[in-house]
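Q: Handing you this structure, nothing more for now.
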Amino acid sequence: MNRYDNSLSGLKLGQKTEYNAKYDRTLLQPVPRRLNRDDLGISAQQPFNQGADIWTAYEISWLNPKGLPQIAIADAEIDFRSENLVESKSFKLYLNSFNQTKFASPAEVQDTIRRDLQDCVQGEVKVRLNSVAFYTHQPIHELSGEIIDNQDIEISDYGFNAELLTNCTCDVQVEETLVSHLLKSNCLITGQPDWGTLQIRYAGNRIDREKLLRYIVSFRQHNEFHEQCVERIFCDILHYAEPEKLTVYARYTRRGGLDINPFRSNFEPVPGNFRLARQ
């Protein structure tokens, strides 16, 4: 068992677990970011200087001081510079532990989640608790950019291959945004499918759309966490296309009442958390 396997062996993901309905901050489990970043050759000097893992938590409930159940939806933004990412099933179990616990106010719930996540990931975390009414005037969002999915190409190999991006540019300078709804990877632990929409914004030599789409499709049988996939895509495009500016943003469909939306960039700030049609 290697160092990576040792670090992941204690995670609750993929294991039979009991649901604790009483608040328990120890349920949160960290995964060191350095494990995957070492594999990508990312040192302390990271190729991106803006970024976050943007979570939406749809299943939050607790009891008010009189014992009446309360509900909310939360946005959580975990800074990319944090030492750890949070394992998704442990986050779900942690949130479930609020179900039969009394809190004085929604603000106390929000502050508790923020504090516990910061302790888990060892970095900056922003949390905002929203009422259901907040979403009444929040329309389904669409990521801006040119869709590259409708290409008439034949694909027979679905193994991950970064070399599909070899010689992927031409000597035409552009600033453009490309979008694909065909991102699909698999959970590193369970192998369950993770479905996402990918946005790539860059400035530099024009990237060949066919090669880029083949590369995206090659994640189809690749096992890695959401955050790790986005950082891998960022590093591969930076290596093969050498853009002057680059943003990689993926919005994944929800599982277990949570969706994860990693954002990495070397030139623009983290966007707001706006739900797509598949979310």
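Backbone N, Cα and C define each Cβ position, glycine as well.
Here's the feature list from Swiss-Prot:
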type	residues	note
BINDING	V86, E87, S88, H226, E227	substrate binding site
BINDING	S88, K89, R255, G256	NADPH binding site
ACT_SITE	C187	active site, thioimide intermediate
ACT_SITE	D194	active site, proton donor
Q: Tally every other Cβ atom lying within 10 Å of the Cβ atom of G256 (NADPH binding site).
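A: Result for G256 (NADPH binding site): 15 neighbouring Cβ atoms inside 10 Å.
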Q: Ten-angstrom check, please: count other Cβ atoms within 10 Å of the Cβ of V86 (substrate binding site), all chains counted.
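A: Taking every protein chain into account, the count is 25.
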Q: Between S88 (substrate binding site) and G256 (NADPH binding site), how many Å separate their Cα atoms?
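A: About 9 Å separates the two Cα atoms.
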Q: Specify the nearest of the recorded positions K89, D194, R255, G256 to E227 (substrate binding site), where nearness means the distance between Cα atoms.
A: D194
Q: Would you kindly give the Cα-Cα distance separating D194 (active site, proton donor) and E87 (substrate binding site), rounded to the nearest Å?
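A: Roughly 14 Å, rounded to the nearest whole number.
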Q: Show, in sequence order, which residues other than V86, E87, S88, H226, E227 on the same chain lie with their Cβ within 8 Å of the centre of the Cβ atoms of the substrate site.
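A: Near the substrate site, the remaining chain residues are V31, D53, L85, F91, F225, I260.
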Q: Looking at the binding-site residues K89, H226, R255, which one has the fewest other Cβ atoms within 10 Å of its own Cβ?
A: R255
Q: Counting distance between Cα atoms, which of the recorded positions K89, D194, G256 is nearest H226 (substrate binding site)?
A: D194
Q: Across all chains shown, how many C-beta atoms besides its own are within 10 angstroms of the C-beta of the residue listed as 'active site, proton donor'?
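A: Its Cβ shell of radius 10 Å holds 23 other Cβ atoms.
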Q: About how far apart, in whole Å, are the alpha carbons (Cα) of R255 (NADPH binding site) and V86 (substrate binding site)?
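A: Counting only the Cα atoms, the answer is 15 Å.
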Q: So which recorded positions are near the residue listed as 'active site, proton donor', with CA atoms within 10 Å, out of V86, K89, C187?
A: C187
